[in-house]
Amino acid sequence: MRGWMGKTKVFFVFTLLALFLAGCGIENLTALKPKGYGAEQAMDLIILTTLIMTGVFIVVMVIYVITLVRFRRKKGQEDHIPEQVEGNHKLEVIWTVIPIILVLIIAVPTVLATFDLADDSSADELINVNVKGNQYWWHFEYPGEEVQTSQDLYIPTGERVYLHMLSSDVIHSFWVPSISGKMDVNAENVNTMYIEAYEEGVYWGKCAELCGPSHSLMDFKVIAVSPEEYEQWVDDMQNIDAEAEPETADAQEGQELFEANNCMNCHATDAAASGIEAGPENNGPFGPNLSNFGDRSNVAGVLEHNEENLVDWLMDPESIKPGNQMTGQYPELNQDEAESIAAYLLQLQPSEITPENAGD
Amino acid sequence: MGMTSAQKSGFGATLWDWLTTVDHKKIGILYLAGGGFFFLLGGLEAVIIRIQLISPENNFISAGLYNEMITMHGTTMIFLAAMPILLGLMNFIMPLQIGARDVAFPFLNSLGFWLFLFGGLLLNLSWFTGAPDAGWTNYAPLSIQSPGHGIDFYIMGLQLSGAGTLMGGINFIVTIVLMRAPGMTYMRMPLFTWTTFVASILILFAFPALTVGLFLMMFDRMFGSAFFDAALGGNAIIWQHLFWIFGHPEVYILILPVFGVFSEVFPTFAKKRLFGYTAMVFATFLIAFLGFMVWAHHMFTVGLGPVANSIFAVATMAIAVPTGIKIFNWLFTLWGGSIKINTAMLWSLAFIPSFTIGGMTGVMLASAVADYQYHDTYFVIGHFHYVIVGGTVFGILAGLHYWWPKMFGRYLHEGLGQLSFWTFFVGFHLTFFIQHFLGLMGMPRRYWVFLENQGLDTGNLISTIGAFFMSFGVIVFLINIIYTTIKGKKASGDAWGSGRTLEWAISSPPVHYNFKQLPLVRGLDPLWIEKTEGNKKVTPAEPLDEIHMPNGSILPFIMTIGFTIASYGFIYQTESKYWLIAVYAGMAIALISMLIRSLKDDHGHHISKEELERVGD
């Protein structure tokens with residue numbers, strides 16, 4: 001008995017230490033420090049259920065430990081036959097009724113929160129975004145504002161933003177742990193959820209439904225800025241001059257190469273909303289919108305945003321995101337060509353509102 | 001063939017004996033061996049997964065291979081390891097517990113085993129050409145769009161082994177209903193028999209949903225239908241419903257039998273009858289019933305709407321009630337007992353806190369809004385490994401240590417047993433406890449890599465270290481089996497000295513007809529009753545007379561070969577119509593075997609009274 005207890009103690013100390021070291025995770029990502037409405041609702045329930053369940057666990061463990069200490073067979077008792085108890089009606093009632101009460105205590109707030117988070121009665125008056133999930137990137141269209149963007153979703157703080165989500169291929173799942181729980185992005189029906197960020201920040205989003213080899217690389221960002229900054233961002237995006245010439249010669253060459261290599265078949269460089277809908281009959285866009293590519297928080301969702309990484313991506317996307325749809329869609333690029341295109345793309349910075357405004 | 005084959009014979013004869021056997025005990029051992037083999041395979045896959053996740057952005061295996069690895073790990077562990085091992089225990093022990101000489105349909109029993117084995121082998125053949133890669137849940141449309149034949153192997157492999165399981169379930173139900181010894185009323189049945197019965201009912205109702213889903217997917221992938229293709233008017237969500245209408249009862253198929261195991265182990269080693277027998281039986285039924293009412297809690301994030309989510313959330317929480325009843329009844333079985341702790345008991349005792357944690361996180365997951373965070377993250381991975389490893393695997397190991405002397409006539413080595421227990425137990429908690437936190441810290445499941453600087457490194461490293469501990473424990477257990485087979489201490493009939501149920505009333509291992517005379521059951525725990533009255537043997541219910549036993553047959557094996565060839569043909573006929581030859585040839589082999597079985601009378605054989613008298617006790 002003593003040996004058993006000793007080992008358990010060591011084990012628990014080690015576990016606690018490990019948890020302490022690991023902390024609660026990174027602020028931009030963890031669900032344990034909620035920064036938005038959905039995440040907060042979930043966290044309240046997580047705490048409630050954890051407390052109740054820990055209470056149950058403690059009761060079980062107290063009975064368990066006492067039993068093992070008191071009733072372990074001792075030397076000289078080998079022939080002792082304990083009383084053969086059939087059961088106890090009163091006890092059965094107790095451990096049936098108490099759990100029912102506990103379950104009800106959990107069930108009521110769960111049901112209330114479930115209906116609360118599904119409430120879309122005021123969606124018309126608020127910001128709406130059509131979200132499209134693709135292998136392995138995200139597209140965002142703001143139908144009210146007539147603009148679109150990809151990978152980085154800009155939202156104002158303190159407001160509900162309704163997301164209407166549809167997939168163009170397989171099932172994805174939209175998850176930004178620190179501001180909201182997740183919802184699946186299906187190909188056959190639009191799923192609607194809302195998110196609301198309490199404070200400015202760049203919140204890391206993940207795809208949470210297995211969608212192919214690069215499932216783990218289908219990251220995106222939610223960039224929550226102040227309502228004023230959001231207004232300005234929308235304004236800037238609405239006023240992109242698609243005809244504008246890049247300033248440097250390198251970037252101009254890049255623009256020519258961009259056009260010559262048919263990149264535009266899939267990638268738009270202006271942000272005007274196309275009105276296209278996702279769904280099983282995918283009619284585009286087939287690649288991320290690049291109108292504000294220079295302001296992206298990451299290259300391909302996962303790499304640090306710099307020219308070197310962009311060149312690597314352009315020259316061999318397969319080595320970065322296995323199974324992506326861009327590989328093989330354009331002629332092979334040499335280093336110089338890739339660098340020129342990168343220079344062109346990185347100067348696409350139509351707005352002063354960037355992830356940095358959100359404190360990144 | 002038949003009774004003489006148990007004596008020493010050549011390799012060929014032994015092989016023939018095992019290929020043709022219809023003896024429930026031998027089929028039980030075959031299930032254990034087959035399931036054990038796949039358990040090692042699934043474990044190897046798990047270790048590869050954990051090595052890939054030992055550090056951020058690791059490149060131990062490629063993204064595509066990783067998805068194959070997780071798919072095969074899940075599929076193998078659920079369908080080819082846990083369930084067959086449980087079927088093995090049920091097969092061997094349940095007929096002994098009810099005082100029967102075999103199951104109701106011995107031929108079908110053999111067919112069920114071979115279908116399981118060849119379904120599993122067929123599925124694993126896919127490793128040579130590309131394994132399935134859409135997760136063990138195989139969601140459409142990812143599975144529909146998956147290139148190559150991996151998913152086709154998944155479909156046909158599971159269809160074969162699933163048919164085998166369904167046969168097993170039907171067989172056990174009929175056996176328990178019809179073949180109980182005189183006096184063995186329902187409410188005198190041991191709990192392991194009860195849980196076998198209830199799990200079999202679950203199999204009977206749950207597996208058809210999987211069969212239907214697999215057929216629809218087979219048609220979609222092989223014959224151009226569009227059940228799951230939204231572009232052509234199909235609906236991929238239907239797959240999720242079909243899968244989970246099967247899949248949720250499936251986890252109860254995995255857990256209820258081990259609830260039975262613990263309900264045997266605790267009374268034996270506490271020398272005390274099971275506390276609240278009636279409550280235990282009804283709790284089992286309640287869990288099984290509710291198990292069919294909660295499948296959509298796997299689909300809270302699918303977008304079913306708040307009404308459906310609320311109903312399924314509350315129904316799910318309700319399962320905590322009967323499960324709690326069971327936990328407390330086990331605790332009070334131990335309370336006041338004379339508890340002896342050995343390896344079988346260690347696994348059972350370790351189950352209580354481990355499974356309680358799994359149950360706690362289960363209730364937490366049931367809270368739909370909280371599940372929006374947990375869903376498809378490592379929290380869920382942590383939860384179901386606490387339930388399936390902390391419950392099912394611990395239960396299997398408890399059951400194996402407990403019944404090993406009965407099945408093989410030798411005790412597993414106690415020292416090695418405890419070494420494997422402690423390393424596995426510590427490794428298990430190291431691996432999976434931290435995963436709850438990893439999930440909430442933002443790590444979705446089925447991630448080939450996690451990125452640097454996302455705060456997930458330490459947790460993943462700890463988890464991988466735990467997996468090595470678990471592997472060590474499994475290896476020690478294997479050494480224990482080998483050691484025991486060669487040098488293990490011999491066991492008597494009532495191997496633990498405090499056996500209560502009928503299997504301990506006969507020799508270890510039992511003779512192939514189990515009971516020379518069928519026992520008369522005079523109450524719950526019949527052997528215990530006889531022992532307290534000073535009787536050395538259970539009172540017989542019949543005079544010594546000749547025993548009728550079924551004959552062995554090679555037909556189930558041949559039938560299975562036929563179905564396997566046909567399945568292989570189905571997989572490849574999309575490439576070339578010549579493969580249809582394999583379909584027709586395979587089906588012909590199977591159907592001709594069925595015809596032979598139907599037309600050829602086989603009345604079995606009799607063991608004469610003289611021979612039984614010669615054997616003595």
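Cβ coordinates are placed from backbone N, Cα and C, and glycine is handled just like the others.
These come from TrEMBL:
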DOMAIN    B:10-522  domain 'Cytochrome oxidase subunit I profile'
TRANSMEM  B:29-49  transmembrane segment
TRANSMEM  B:69-93  transmembrane segment
TRANSMEM  B:105-128  transmembrane segment
TRANSMEM  B:153-179  transmembrane segment
TRANSMEM  B:191-218  transmembrane segment
TRANSMEM  B:238-262  transmembrane segment
TRANSMEM  B:274-295  transmembrane segment
TRANSMEM  B:307-332  transmembrane segment
TRANSMEM  B:421-441  transmembrane segment
TRANSMEM  B:461-483  transmembrane segment
TRANSMEM  B:554-572  transmembrane segment
TRANSMEM  B:578-596  transmembrane segment
Using a Cβ cut-off of under 8 Å, list the residues of the same chain at least 6 residues beyond the transmembrane segment (B:578-596) that approach it. 555, 558-572
Sequence-remote partners of the transmembrane segment (B:153-179) [C-beta within less than 8 Å, at least six residues beyond its ends]: 71, 75, 79-80, 83, 87, 90-91, 94-95, 98, 100, 103-105, 108-109, 111-120, 122-126, 131-132, 134, 138, 143, 189, 193, 196-197, 199-204, 207-208, 210-211, 214-215, 217-218, 221, 560, 563-564, 567-568, 570-571
At a C-beta cut-off of under 8 Å, are there same-chain residues at least 6 beyond the transmembrane segment (B:69-93) that contact it? List them, or none. 24-25, 27-32, 34-36, 38-39, 41-42, 45-46, 48-49, 52, 61, 103, 109, 112, 116, 119-120, 123-124, 127, 131-138, 150, 154, 158, 161-162, 165, 168, 172, 192, 196, 199, 250, 253-254, 257-258, 261, 388, 392-393, 396, 399-400, 403, 406-407, 446, 503
What is the average pLDDT across the domain 'Cytochrome oxidase subunit I profile' (B:10-522)? 97
Please check if the transmembrane segment (B:105-128) comes into contact with the transmembrane segment (B:554-572), where contact means 3 or more CB pairs closer than 8 Å and the residues in each pair are separated by 6 or more positions. yes
Is it true that the transmembrane segment (B:421-441) and the transmembrane segment (B:461-483) have 3 or more Cβ pairs under 8 Å, skipping pairs fewer than 6 apart in sequence? yes
Interface-richest range of B:307-332, B:461-483, B:554-572 toward the transmembrane segment (B:29-49), CB pairs under 8 Å: B:461-483
Please identify the stretch among B:191-218, B:274-295, B:307-332, B:554-572 with the greatest number of Cβ pairs below 8 Å relative to the transmembrane segment (B:238-262). B:191-218
Would you kindly list the residues that approach the transmembrane segment (B:307-332) from elsewhere in its chain, counting only those six or more residues past its ends and only Cβ-Cβ distances under 8 Å? 259, 262-263, 266, 274-276, 279-280, 282-284, 286-287, 290-291, 293-297, 300, 352, 355-356, 359, 362-363, 365-368, 371
Spatial neighbours of the transmembrane segment (B:554-572) not adjacent in sequence (6+ beyond its ends, CB under 8 Å) are 16, 19-20, 107, 110-111, 113-115, 117-119, 121-122, 149, 152-153, 156-157, 159-160, 218, 222, 579-594, 596-597
